[in-house]
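A quick write-up on the structure given underneath.
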Amino acid sequence: METPDSKTTTSPPQQQEPDLKRPKMSTTTSEDEDAATTTPGDDTTIKKQRYKRRKIAIFLTYCGVGYQGMQKNPGAKTIEGDLEEALFHAGAVPEHDRGIPKRYDWARSARTDKGVSAVGQVVSGRFYIDPPGLVERLHSNLSPQIRIFGYKRVTGSFNAKKFCDRRRYVYLIPVFALNPCSHRDRESVLASLGSGSELVKCLQCSERGRKVVGAVGKRSFESKSDVSPTEIWSNDKDTTLKSEIKEEVCGLMDNGDGDIRNSESVNETKVFQNEDSGKKSETTESGISSNSEDANANPEIKDEIMVSIENGDDKNTKSEEEAIKGSGFCYGEKEKERFNRILNYYLGSHNFHNFTTRTKAEDPSAQRYIISFDAKTTVTVEGIEFVKCEVVGQSFMLHQIRKMIGVAVAIMRNCAPESLIQTALQKNVNINVPTAPEVGLYLDECFFTSYNQKWKDSHEELSMKDYEEEAEEFKMKHIYSHIATTEHKEGSVALWLHSLNHRNYPDLRACDNGDNITSEDNNGRESTMVENMT
């Protein structure tokens, strides 16, 4: 028998400690302590940082020159496209979400058209905001035209588009644009001869309009002669103008009854020279030839010629410069009162189908609400005085503000009656209204009044108050300077003013004379209606 002493004792097997389970979802942020795992030798420590996405609202500004608008568009250079790429390279958007904005709840508070700038644009989404320095990382991946003011934490359900109550836009219109006598079309200049208040032909605008095809109005003014416009304008500007104007006067005398020919039917030729006397013909800037034979054909023209010769070309150049700057016209109290009265016609809820494109009157989206529209202040940038037109509304359609400004300017220049606005806002009337250039328009600020009131106790206020100084500096340095420089170099507004006539916009004259205007009845059939304009 075996004794108890003879039994061998065996120790139980040593139990291994179970591995720590990994959490299914990371909840650590940059504010938490770094998670640490220790190696068996306890010699080294590996630290891992995990960040969590946060819902934020980003405040930014940009100058729209060179961009095809705010909204992302495949194949086009847009503000949104550059901003999305900058967010990815800054680490705010992961690789698998790149180019798919829906995955991080992307939203914009307002859209801007091609060439339109913004001072207080707001976008929202879920982004990685850690580690600190997101704004600096974004600036390193953006052009100087786009600057980020900062960002603020918002609620999880926040949407920059849906939570925006109002939008405020500003349009800078030069003061000379409101002067009825500046930058008039060719027909008006010729028709003013002998009236005692002759209009001045713009030499500089004539040159610009021929260099930019179709810049004046909607038509392309092409040369019908053998000499190309480029060859003509490569010569002396004043000399070329004389030949051009002489042909217009010859056309007047050929008619015999004093009717003015259409400007497009006038051929452009080089300056002729009298072989007998060897002297070039003298012309006035309003289109009168000083040739003796032409002058004898009409005594009234001869009197105009003598006045022009006595004044000389220096006066022509001076008159042109005065006309461009709007000499003799200022935005005084009388003009301010009239312009603001015109803008007040837009206030309230109206159908703006005539102030946009691709939107029918029956479409509910054509109904818009304008809260305020005024032009009470002026600002001078690089020698040009601008009227600051501020409009506040719930939302705006494509080209709506530019068309509203276009109609208001046409009325100020006496091209249309004030009742045109009331006619254009009618649902059953279809008319074509002018569109002001895009360069003077910019988004000023987006408002979130209801959101701020509801979440004032737990979240920061969404406004531009914290960024006013930065916004003003960027606005003056980039946006305002661009608007003034463009007007100096290209004369975008000046060229557009030459197109404000009844030839390009016959509906302006139809409303003025109480003529027939295209309308639609309840069955959608086109009919005509007569407007009684008092």
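Backbone N, Cα and C atoms are what each Cβ position is placed from, and that goes for glycine too.
Not measured: the values here are computed from a predicted model.
What TrEMBL annotates here:
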| type | residues | note |
| --- | --- | --- |
| BINDING | Tyr169 | substrate binding site |
| COMPBIAS | 1-17 | compositional bias 'Polar residues' |
| COMPBIAS | 263-275 | compositional bias 'Polar residues' |
| COMPBIAS | 284-295 | compositional bias 'Polar residues' |
| DOMAIN | 344-448 | domain 'Pseudouridine synthase I TruA alpha/beta' |
| REGION | 1-47 | region 'Disordered' |
| REGION | 255-300 | region 'Disordered' |
Whole-number mean of pLDDT values that fall within the domain 'Pseudouridine synthase I TruA alpha/beta' (344-448): 96
Count of other CB atoms lying within 10 Å of the CB belonging to Tyr169 (substrate binding site): 24
Helix, strand and coil totals (DSSP H, G, I; E, B; other) for the domain 'Pseudouridine synthase I TruA alpha/beta' (344-448): 31 helix, 37 strand, 37 coil
